Amino acid sequence: MQTKYIFVTGGVTSSLGKGIFSASLGRLLSDRGLDVTIQKFDPYINVDPGTMNPYEHGEVYVTNDGAETDLDLGHYERFLDQPTSQANNVTTGRVYMEVISKEREGAYLGKTVQVVPHIIDEIKHWMLKLGETGDYDVVITEIGGTVGDIEGQPYLEAIRQLRNELGPRNTMIAHLTLIPHLRAAGELKTKPTQHSVKELLAHGLQPDTIVCRSERSITAEVRRKISLFCNVEEEAVIQMLDAESIYEVPLLLRDEGTGELVVDRFYPKRGDENEKCSDTPDLSDWIGFLKRLKNPEETIPIALVGKYVEHQDAYKSITESFILAGVPDEVQVEVKYVPSEDLSPDTVESQLGDVAGVLVAPGFGDRGVEGKILAAQYAREHDVPFFGICLGLQCAIVEFARHVCGWDGAHSTEFDEDTAYPVIDLMEEQKEISDKGGTMRLGQYDCRIQDGSRAHEIYEADMVQERHRHRYEVNNVLRYKLLEEGMRFSGVNPDTDLVEIMELPDKRWFLGVQFHPEYRTTVGDPHPLFRSFVRACTAYAHEEDLVTSPQPPERKAVPLASVDM
């Protein structure tokens, strides 16, 4: 059976939710029995987002095979409950690098290398790569940015060519656009959408469906108008309203008939040629999850101490992991964002004294590091549940070395090259590397869990695999003194003996990890470390009277059908 391709473009403005739409559509098709994957093309010149400032880009999401990617891949994995790879995120910089490398190798036989055909052909190669594996029935391809952006034009040309080569029954274009409501006029305006589609048509692309992002329900008249002036059928004009939770969007799209629109086009004779594709999606698990999500029994406060908390997309996978970890136990986590720069001995009590747990987030650079160290100290001394991720683990070890081992000035060589007690040091294989991009310890590595440890109790396994993104590690030369003072290193890499997990056995829940468990949380399978941490925080919240009644989120959209909720 030939792989089908859905191309998702955007118009009028960025940040419309193409990633959430793609993930939600993928879930609707997956729940019909189809094998689906989603990829994203980013038009920027960076080879990957690994060296970009989180204020510019948000979180860098890491795949099993070590790709540093856009945060939308986190949405794809969480919604579809399956991993992505290097082939799921491609940038213009990567495309050009591949083409230039081929030219240097003589692959083009002396021809003049141009955008057409060479850059376009490289884009088409990556668009088809996942489908050619034979593992997927449907590949959804999201194009970053908006129609009309100069940097996006090669991608539109690649789609035009593929649509011609693969045929209309094997391709589909979904165009997301904004339908603004003008309060003064008291009506929804379609003109921006008309101009956006006109721009798409100028590139030789006729959208098959128009997805209308709006704060208000679009009327039948608005649908007819968009249908008439944008050359699509009325049933192909889909509204995608603002929702209380991104996890409601699959049901909102289901109610709009989005799944039927796709399968009727791709599989018109489902009973004969494709028994794998069912007529209706089985969303029972999703609906059960959403019921628990929207009806929690209690709310607990957890502090997220980080450097970039003003831009919450920088910690997107962590905040989503909190949400998903609480759902099975019907607990709503209220995240208190604490800028690590604001923490001092004078402010730490006011900032952390009213939370049920402290998570110290990953990061780079020395700004705010002392605040993170102070947060770890406060949690240890007050026996507040503590979870340190990547740099969070390193800060907890620095704090322990200073105040338990008595090593005054102990630090990481990332921040103090001359420290007398370099408890955190650059990994040996990193010392000869000068390039920044794509050179960290990236991707999935093994972690052997010590029997009898809290980590073993949580994982219920002797060996696990987790994703990494770091250059610095616990210094094994000083590690054994930390052990003597009561710290336990309950997880290590079996090949390199690098520390992966640290815990303090005498505390109620004090654990740090060098890897990033937030990258392995999905709707169907919240990460066990986050689940255990949230449970420990819930127990502490009950002891300290920090539990509150759940606060309903501000209602921004029509409620879901009562048959679901």
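We count from 1, first residue shown onward.
Including glycine, each Cβ sits where the backbone N, Cα and C put it.
Going by Swiss-Prot, these are the annotated features:
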- 1-268: region 'Amidoligase domain' (REGION)
- Ser14, Asp149, Ile150, Glu151, Lys189, Thr190, Lys191, Pro192, Thr193, Gln194, Lys225: CTP binding site (BINDING)
- Ser14, Lys189, Thr190, Lys191, Pro192, Thr193, Gln194, Lys225: UTP binding site (BINDING)
- Ser15, Leu16, Gly17, Lys18, Gly19, Ile20, Asp72: ATP binding site (BINDING)
- Tyr55, Gly363, Leu391, Gly392, Leu393, Gln394, Glu414, Arg471: L-glutamine binding site (BINDING)
- Asp72, Glu142: Mg(2+) binding site (BINDING)
- 301-543: domain 'Glutamine amidotransferase type-1' (DOMAIN)
- His516: active site (ACT_SITE)
- Glu518: active site (ACT_SITE)
- 545-565: region 'Disordered' (REGION)
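Using CA atoms as reference points, the recorded positions Thr190, Gly363, Leu391, Gly392, Glu518 were checked against Gly19 (ATP binding site), and the closest is Glu518. Least packed by the Cβ count within 10 Å, out of the binding-site residues Thr190, Gln194, is Gln194. Checked against Ile20 (ATP binding site) by C-alpha proximity, the binding-site residues Ser14, Gly363, Glu414 yield Ser14 as the nearest. When the binding-site residues Ser15, Thr193 are scored by other C-beta atoms within 10 Å, Thr193 scores highest. Note: the CA-CA distance between Gln394 (L-glutamine binding site) and Lys189 (CTP binding site) rounds to 52 Å. DSSP assigns Glu142 (Mg(2+) binding site) to a strand segment in the three-state reduction. The Cβ of Gly17 (ATP binding site) lies under 8 Å from the Cβ of Leu176, Arg213, Met240, Val249, each of these being in the same chain and 6 or more residues away along the sequence. Each of the binding-site residues Ile20, Leu393 was scored by the other Cβ atoms within 10 Å of its Cβ; the lowest score goes to Ile20. Comparing the Cα of Thr193 (CTP binding site) with the Cα of every entry in Ser15, Gly363, Glu414, His516, these being the recorded positions, the smallest distance points to Ser15. Taking only the Cα positions, the spacing between Lys18 (ATP binding site) and Glu142 (Mg(2+) binding site) is 7 angstrom.
Thr190 (UTP binding site) sits 51 Å from Leu393 (L-glutamine binding site), taking the Cα positions as reference. For Arg471 (L-glutamine binding site), the spatially nearest entry among the binding-site residues Asp72, Ile150, Pro192, Lys225 is Asp72, judged by CA separation. Its own atom aside, the Cβ of Leu391 (L-glutamine binding site) has 27 Cβ atoms within 10 angstroms in the protein chains shown. For Gln194 (UTP binding site), the spatially nearest entry among the recorded positions Ser14, Gly363, Leu391, Glu414, Glu518 is Ser14, judged by CA separation. For the pair His516 (active site) and Ser15 (ATP binding site), the Cα-Cα distance reads 26 Å. Over all protein chains present, the Cβ of Tyr55 (L-glutamine binding site) has 11 other Cβ atoms lying within 10 Å.
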